[in-house]
């Protein structure tokens, strides 16, 4: 587990000479209903890293992870061609073995296995998308992006709850009742909340335009594109 964590970390280091492929599969699950697939073949770099990490730690007690990564990367660049070819050959052999094993794995999957794998992959994809969206929203908030305006019903709901309930928890429990009160309001009374919502929308657009101008002035043009994706 410790080595696996290290392999995950090194993929984020900007000084690595080539992309890192960790020996995992998107199909993998701890669920017993999904057969565990064979591990992907390791790249030459991962083979070198896995072999020399423990040696470097042993020779340099107390060395930091970042120093280990950098030293291994530097050493990797300095490898003799013959040594590099050795790792590349082993890598190609492991990839070939993986291809053979994965074909057998797929051929032996039942219809239920395939369905479970498809559902699991869909879940992983959604979790990744949700996590990315959350991180984007946090980043935009940190940059001072204006908060989106409330609609008429939300403004009414908050005002009604404040006047009729002692706590927000009570208001949440009575949300269906508040919705019913809103639905029964005459259009003339709803206009008050619609006007407040329109005013919030107007203020939001003004602040958003100012914020976008500031982002562009600060060289954060890509943030504007990120903003549209985070909605």
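Just so you know, glycine gets a Cβ as well, placed from its N, Cα and C.
As written in TrEMBL, here are the features:
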DNA_BIND  38-106  DNA-binding region
DNA_BIND  146-212  DNA-binding region
COILED    88-137  coiled coil
DOMAIN    38-106  domain 'HMG box'
DOMAIN    146-212  domain 'HMG box'
Mean per-residue pLDDT computed across the DNA-binding region (38-106): 92
Counts of helix, strand and coil residues, the domain 'HMG box' (146-212), according to DSSP: 55 helix, 0 strand, 12 coil
